[in-house]
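In what follows, a structure is listed as structure tokens, so that the remarks can point back to it.
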Amino acid sequence: MFSSMQILPLEAPPTDGKLGPLPPSQLTDQEVEERELQAEQNNSNLAPPAAVATHTRTIGIIHPPPDIRTIVEKTAQFVSKNGLEFEKRIIVSNEKNAKFNFLKSSDPYHAFYQHKLTEYRAQNKDGAQGTDDSDGTTDPQLDTGAADESEAGDTQPDLQAQFRIPSKPLEAPEPEKYTVRLPEGITGEELDIIKLTAQFVARNGKSFLTGLSNRENNNPQFHFMKPTHSMFTFFTSLVDAYSEVLMPPKDLKEKLRKSAADLTTVLERCLHRLEWDRSQEQQKKKEEDEKELERVQMAMIDWHDFVVVESIDFADEEDEELPPPMTLDEVIRRSKASAMEEDEIVEPGKEVEMEMDEEEVKLVAEGMRAANLEENVKIENVHDEEAPMRIVKNWKRPEDRIPTERDPTKVVISPITGELIPINEMSEHMRISLIDPKFKEQKDRMFAKIRETTLAQDDEIAKNIVGLARLRPDIFGTTEEEVSNAVKAEIEKKKDEQPKQVIWDGHTGSIGRTANQALSQNANGEEQGDGVYGDPNSFPGPAALPPPRPGVPIVRPLPPPPNLALNLPRPPPSAQYPGAPRPLGVPMMQPMHQQHQLTMPGPPGHPQMMMNRPPQMQPGMHVPPPPGSQFAHHMQIPRPYGQLPPSAMGMMQPPPMPGMAPPPPPEEAPPPLPEEPEAKRQKFDESALVPEDQFLAQHPGPATIRVSKPNENDGQFMEITVQSLSENVGSLKEKIAGEIQIPANKQKLSGKAGFLKDNMSLAHYNVGAGEILTLSLRERGGRKR
């Protein structure tokens, strides 16, 4: 069968691989148009660039300004992809648009447009040729273009390029774990020291490295362990390599077995690493060549060689139709709106550019601009609308609101400014305060400038208004506030009219001075009452005590310590009745040995009262308390009973009327006055205290301790609960500071054992549950008490 068939001879393909152009009958319409465009391009390449008739020397391509250049490049890109029909459509649709005059051959920018069009067409053909080569087919039109390029460049194309297998992208090989490159300039001794140290660090860990660096800190041979040293990187690389050797990965043995069985894998790894190194070197060399080429091109540019193409004159009336400039708020608002739109609206991709022509792009841009303006107008209207009025009920003034809102346990003192800062705002306060180390100086300088100004600041205005509101409740307040302010003012006025009390400071040396002050003050008070005969207060005798306040315990004067005598005048040995008038200059107090023999006759029907008791004193007269007492700062020391003012010396009072009985003596008489003053305060005998361990065993568990507040005579106490009596006095002061806002270092606690030290426990001083401690303030710079 095969022998009867005729075998026709076929021509062998040419050696250059080019089969020649296809006949016109086999071409499609698109290929025909492309062939025509190719012919026009070849003609344009052969023809010299169009010259523009000017008055100066002949010039080549004129580059348009940036805005027109963008339109030219976009148009050339679309025309190179879609053909000349697209260019004709653009000319028809934008006939009256001056921006598209570059499409006319008489325009000076037409040469630049033709240049860009040729450039984009060449790029498209290069891409199409690469695609055809990968598919194994050849386009005769592209072959013609390639031949032209080869003729222009006098280079022979590579015919075997289409038959080569495309190279795969190289992947980075595994990092070299066991290879460390030696740095330049290292000596043999330094290398040995670094290697030995790296071996010990890899074996013993980071603790060995830390200890060695601390011990050999001043040794220059071990400075390579410092991160700032040039050999530190080499040292750490050695440590990592030795660590990999001492602790290899689990799959290392399996890899070694495979490599020993098949040496081809080892050779492939070596070749792969070689190719990778070559590619890295080539890439590095290419980058260097590009930088050098760019530098040479920049150096070849003559920056002083330019030609004035056209000069534009701006008339003064051209800016009349322009909108007024935007304010800063409008610019910020528009930038925020555009940023939000960029986040919400997806940027149109390059796929849309293929389907939209220049006119459609313009319409879309104008629509977007109009939408932005409408949104900006809406935003301005929203901002211009006033917020609705809000009515607040149960409103309180800021000064009344502060005590309820401020919690002393959640406020700390700033170490920089000394202000009270909430705990939750302390970190931000410290961050702001530490931004500038001269913050305090700048703040003081700013306040100094503020003081020099004549205008008050906002804070001062607010304070002035608050003060005015307090002084004028008839304007800013209610009737109740006005009445309460009037009552307070009357009370303060009465307090100012009352004479100041003479207070004994508790020292033995100041007893006489304090007594003389009290005598002179009471003498001035009696001068006003001597003329009133019917006043019962003008008669000698015990004065009526003021009624005690409800809820306040009666405080009786304490007797002075033994052997303590006031510097008072001694009475002469003469007897007088307690209620009878006395001669001037004669005191009522008598020696003890004479008063035991006196009796007081009374009216008929009344029993005689014996005078064998200690000398009586007026209830209104208070004996100075012992040193350290809690009443030392609050008691008054008037003149003793029977002492007359100096102004009344030499005058005699009339005898009492017959039938009048002297007032009865007080129910309780104070003890006799001491004879000799005490030189030193007596100390509390600590041996009388129960030992601390025994006291803790008797009083286990938490306890409540009562502490009297300073400068308060209404008998108020605050109760402090401690978890155990083993707590020291300092912790108790901290709890007190949280209650009354007095720093612990300003507090002074005293009890039955005297003043309490901060480092001692409560059980040491036998302070139990329910015991009352006296709180006073520690004074700086005063005399030691």
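Glycine is no exception: its Cβ is also placed from the backbone N, Cα and C atoms.
Swiss-Prot has this to say about the protein:
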MOD_RES   M1  N-acetylmethionine
REGION    1-42  region 'Disordered'
REPEAT    71-113  repeat 'SURP motif 1'
REGION    124-175  region 'Disordered'
REPEAT    193-235  repeat 'SURP motif 2'
SITE      L196  site 'Critical for binding to SF3A3'
REGION    522-554  region 'Disordered'
REGION    639-713  region 'Disordered'
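For the repeat 'SURP motif 2' (193-235), the model's average pLDDT works out to 91. Sequence-distant neighbours of the repeat 'SURP motif 2' (193-235) (same chain, 6+ residues past either end, Cβ-Cβ under 8 Å): 180, 182-183, 186, 241-243, 245-246. Under DSSP, L196 (site 'Critical for binding to SF3A3') is assigned to a helix (H, G or I) in the three-state scheme. Contacts of L196 (site 'Critical for binding to SF3A3') defined by a Cβ separation under 8 A and a same-chain sequence distance of 6+ are given as none. Sorting each residue of the repeat 'SURP motif 1' (71-113) by its DSSP state yields 32 helix, 0 strand, 11 coil.
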